[in-house]
Amino acid sequence: MALSEPILPSFATFASPCERGLQERWPRNEPEAGSTDEDLNSVLDFILSMGLDGLGAENPPEPPPQPPPPAFYYPEPGAPPPYGTPAAGLGTELLRPDLDAPQGPALHGRFLLAPPGRLVKAEPPEVDGGGYGCAAGLARGPRGLKLEGALGATGACMRGPAGRPPPPSDTPPLSPDGPPRLPAPGPRNPFPPPFGPGPSFGGPGPALHYGPPAPGAFGLFDDAAAALGLAPPATRGLLTPPSSPLELLEAKPKRGRRSWPRKRAATHTCSYTNCGKTYTKSSHLKAHLRTHTGEKPYHCNWDGCGWKFARSDELTRHYRKHTGHRPFQCHLCDRAFSRSDHLALHMKRHM
């Protein structure tokens, strides 16, 4: 009866047919116990040696990270790279927090510095503040960059007192005596209205509107004109002040010696025949007539001298011979002469 019953296989043979198929397809080699311990020890020694080299006591402490610079940041497109992979070893995962060096402030948080060409910020048109004393280069700044520290100072300078925008530029007085024009009281717009079209040099641009000058702008010229006896003009041009008082004084004719002598007409003529000489002075003609008549009214009164002369200057030169007076002296040497023509001849020798 026992032989007639069918013999069934054991339960363990078909408990896991999939596992049996996998084992038959990929046979697994069991490693030896001794070699596994040696490999594990070598891996641990390598990891410990690498960790001690990276975290040695001889390395100086790293400086604290500096704060990030003031600039625009934008997130990098794309998914961030994974910090770890499933294939990383056990030792690498354990030592990752100790071996990772702190990243720089510019790349912390997976942010990159944006180039200046990508950022475009629409701003209202700027007008140079004439009376606020701010340089145009500081007020505008480079395009595409955000300067927080510099814009704080320049913004306060451009806003003016009490945080208001600068008023429209007025024409300064043409004279230091005139009081400066103050802006009209009242609320100001945060931005100046756009200027209307106006004449420009070479191309379109904002037209500059000038207000009327101050009442005392021409006070200096009015006082000078009143002192000179000139009536002040009724109307004046906006940018054409009256002439300077110095120019008015120079325009008057000067009273004094002429720059060139006026040539006199020779009206005195000798009446002797075959002579016809003319002179500008009557005394010169009288002396000339004495040459024709032979008259010598000037006599030398020196004792023992009876010389006579027709001209007084000839008597004067003759009298110097008796006295020895020599008024004409050479400035290059010690010689002196009684006559000027003798000194002129002597000066030619020094030349």
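The count begins at 1 with the first shown residue.
Cβ coordinates come from backbone N, Cα and C, glycine included.
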Ranges in play 98-120, 328-350, with Swiss-Prot marking zinc finger at 328-350
Zinc finger per Swiss-Prot, picked from 243-267, 268-292, is residues 268-292
Out of Thr85, Thr171, Swiss-Prot gives the annotation phosphothreonine to Thr171
For Swiss-Prot, the entry zinc finger belongs, out of 198-222, 298-322, to 298-322
Given the zinc finger (268-292), its same-chain partners at Cβ distance under 8 Å and 6+ residues beyond its ends are 310-311
Spatial neighbours of the zinc finger (328-350) not adjacent in sequence (6+ beyond its ends, CB under 8 Å) are 317, 320-321
